[in-house]
Every structure is written in structure tokens, then in C-alpha cells.
Amino acid sequence: MELRLYDTATREKRPFVPLHRNNVRMYVCGPTVYDFAHIGNARPVIVFDVLFRLLRHLYGAEHVTYVRNITDVDDKINARAARDFPGLPLNEAIRNVTELTERQFHEDVDALGCLRPTIEPRATEHIAEMRDIIERLVAGGFAYVAEDHVLFSPAAMNAANKVLPRYGALANRSLDEMIAGARVDVAPYKKDATDFVLWKPSKPGEPSWPSPAGIAAEGRPGWHIECSAMSWKHLGETFDIHGGGIDLVFPHHENEVAQSCCAFHTARMANVWMHNGFLQVEGEKMSKSLGNFVTIREVLADWPGEVVRLNMLKTHYRSPIDWTLRGLEESAKAVDDWYRTAGDLREGRPADAVIEALRDDINTPLMVAVLHGLRNEAASGGVDDVARFVGSLRLLGFLAEDAAQWRARKQQASGVDAAKVEGLIAERTAARARKDFKESDRLRDELAAMGVVLKDGKGADGKPVTTWEMAR
């Protein structure tokens, strides 16, 4: 089956045909580095990591470029820097905040089993490209200067030639609908309520750079222009896939399309637009006011990254996901079982059925069902069945540790005394050898009360062997 992806722009699932088969290009909006990423931020990271892995499998790792940006210039960053480092000059405080937060983000997503993108550009390293695009937009009549701001005019875009897309087409809204449905800044320097900022003057002490379009005062970029500049620099005027959360469709992605298409006179910025659905916690929208706001780091303190990863992938990426304790517990049991079944094997080719599930618009619920079937085949089959199961899991970012490491980390997290457990198992083994099954059962119950699950089997020499792990 061919790869088919749902395109937000056309609102249909259609075959994916890369612009250049030997250079498949994908851009995904990354974090604004001012605070710990919350669990909802993990969803696009995991979803597009799976797509990245699939594209590498289909086209070859050397033929796929994945760009995910770092936004390191933003009002939220300025506010956090002033709050956390009041005794430092603002620029130095900002550097402390962005470097720390970026490092925390990388630690979190690494723990989730995500590959690093091919390129991870920072906004502040692409100011020249932003100014270049802004100059083109002003020269083309799509943007104008007012009170040291540069603003983009959607009305000018929609009045232009038919090569350009209509502003609002991605979000499937008219200009009137966008005005009515959004909190629009109607600053007096705007010609129209829908106009949005490309560049603005910096306040004293804020980060600033020489301004475009003949503006004497230094300033800084608006949010939307950053992604247009970084995607252009690293992927070109038009590329294959642009991804992000559903909340970014409007205004962020709509404005990216407007800036890029008008600057380069193209009909498309990206051939396919993909958006993941919202995340809610125990049936409610996640928010600090409800007390259910959870960071990735907080979740990882209680659950292994592979458990979090599986819990995300059990729901199709376009559907809303309900983040629940029960779901995490079920995912933990599944990952434990996968490690037991895989044993020490870490090589193998992925099953065709897994690839076919992913070819169908990254159908991860079907993929998970296939994995459970492969697990059953591996548990009762031969080494080829285990290898196919392992290869499938490895492709998807699972089995990052060997089985012994997984068990040891789980045991350590439980706080159980491993030496005591081993001693009780030895006593039970001796009781079984002398056929004292009452004592054997008593010891098993004692271990179960400690949260220890026993698995009786035979070693290579045919003698009885008992292994153990902690129950979740």
C-alpha cells in the first residue's frame, strides 16, 4: 500500500508523493523555550517522530530531512527571564532561561524515545532570513511599515494574482469569520483588524536587531515570521510536510502560508499539512487553574518514557486523547510484557503489517493491535517470530534498553530490597525441591505482597529457574 496522509489544507487523506524522492523534507513547529514542556507538548514530538522513522524506513535515512525549530525570542521568555533572574541584565537572563529550558526539553524528549531532528535551528540564528522575507513582502505590496512596525496585509494577499492561495484557506475560514472568532489586536497603526505583525520595535533592554524596511529603530521579529524563515533556510520555498498541533492551524500556520507564498510567489508552502489533536487529562482540558497541568518531566518521574510513548500512540494522532492513570497502567503492563517476550534479542526486520498500518495515515491504534498479535506469535513461535516482533518495536522507538536494564530500573524504582527477594526465592526453590508446596505457596504469597511477580521456567540445562519482576 502507498503512504497516505491526511492533509489539513484539502481536508482529505491522499497519497503522499515527495517533491524529490531523494530529498524528503518535513518541518514541525518546536518549543518556545521558557518553561518545562507539558504532556500535551509531547504529543506532536512523538507523533512526528513516528512519521520521521517511517519516512526513513521507506526512503532511506540519508534521504529524509526533519527540521524542528527552537523559538528563543518571545515575550514569554522575556517575562520569565526578568522574573527568575532579576539581578542580571535582561539579555544575560534570557540566555540563562533559553539554554536551561532547551536542555530540559532535550532530556525529556530523549527519554520518550524520540530521535533528534536532522536540523534544530534557533530563531535568533535566522534574523537575516527573517529580514530578507520581510523586505520581499514590503516590496511586493503585501506588507507595510507603521510606527516602526512591519505588518502583513491579508487583504492585499487576497487581492493579488491567482497563483497565491487565499488567506484563510488552510483554516477554511473567511476573513470575516477570522475577525469574529479571534481576539484580534486592533492597534491604531493597523490598516485592518486582520493585519498581523512581522516585526516590532524592541523596548529598552529587550533583545533587538537592526530593523528591515528602512526602519531606524532596532526591533525584533513577530512569532509567525520565524518559522517561515527557518523552513526556507533549511528546506526551501516549498517542501513536503509541515506538522504541528491542531491549535496552530490558525493563526500561526495560516500566517506562515501567507508570508512564505507571498514572499516567494508560490501556490504552496508545504504539500501536506498535518495536525495532531488536543490532549485532555481524565476527561478535562488541561489547565493550571484546574490543577491538572502536568509537565513531561513530572510524568517521567513516575512512568518510563516508553510507557508514556505507547500511551500516546494508542490513540490516532488526529483524534483527541484522554490522558488517564488507567491508560498508563495498561501501557506499563504492555511494555513489561514486550520486554519479557523480546528477551535479549535487539535485532530484526519490522513486520510488513506494522508498516502497512503506518502507511494508512500513521494509524498507530492499528499498529498497536498488530504489535500485540506479533507478541503472541513471538511468545509461541521461533526465533524468526521474535526477531520480527523486536524489529517492529525497535523501528517504533521501543526496546531502548536491554531486558536486564529494564527489570533493574523497574526494581530500583519500586524501592524493593533485591537481596531479600533473591533470598526468599532461594527458600522457595528449596521448598519446591523437597515438595513442601505449602511453604512454597506461603513464600510466593509473601513475595506477591511485596509486589513481586514470579515466573517459573527452565534454564538451558533443563533445571528449574525462577525469574522475578515488580508488578505495576
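We count from 1, first residue shown onward.
Backbone N, Cα and C atoms are what each Cβ position is placed from, and that goes for glycine too.
The Zn(2+) binding site feature in Swiss-Prot is assigned to Cys29, Cys227, His252, Glu256; the stated evidence is sequence analysis. Of all the Cβ atoms in the protein chains shown, 17 others lie within 10 Å of the Cβ of His252 (Zn(2+) binding site).
In the motif ''HIGH' region' (31-41), helix, strand and coil residues by DSSP number 3 helix, 2 strand, 6 coil. Annotation comment: Swiss-Prot describes 31-41 as motif ''HIGH' region'.
Annotation source Swiss-Prot lists motif ''KMSKS' region' at 285-289.
For Lys288, the entry in Swiss-Prot reads ATP binding site, with the evidence type sequence analysis.
Same-chain neighbours of the motif ''HIGH' region' (31-41): 70-72, 74, 76-77, 79-80, 97-98, 101-102, 104-105, 108-109, 245, 278-279, 281, 286, 293-297, 299, 308, 323, counting only residues six or more beyond its ends whose CB sits under 8 Å from a CB of the stretch.
Counting neighbouring Cβ atoms within 10 Å of each of the binding-site residues (Cys29, Cys227), the lowest count belongs to Cys29. Confidence in the motif ''KMSKS' region' (285-289), given as mean pLDDT, stands at 72. The record gives Cys29, Cys227, His252, Glu256 for Zn(2+). Within 8 Å of the mean position of their Cβ atoms, the other Cβ atoms in that chain belong to Trp223, His224, Glu226, Ser228, His242, Gly244, Leu248, His253, Asn255. For Glu256 (Zn(2+) binding site), the number of other Cβ atoms no farther than 10 Å from its own Cβ, over all displayed protein chains, is 27.
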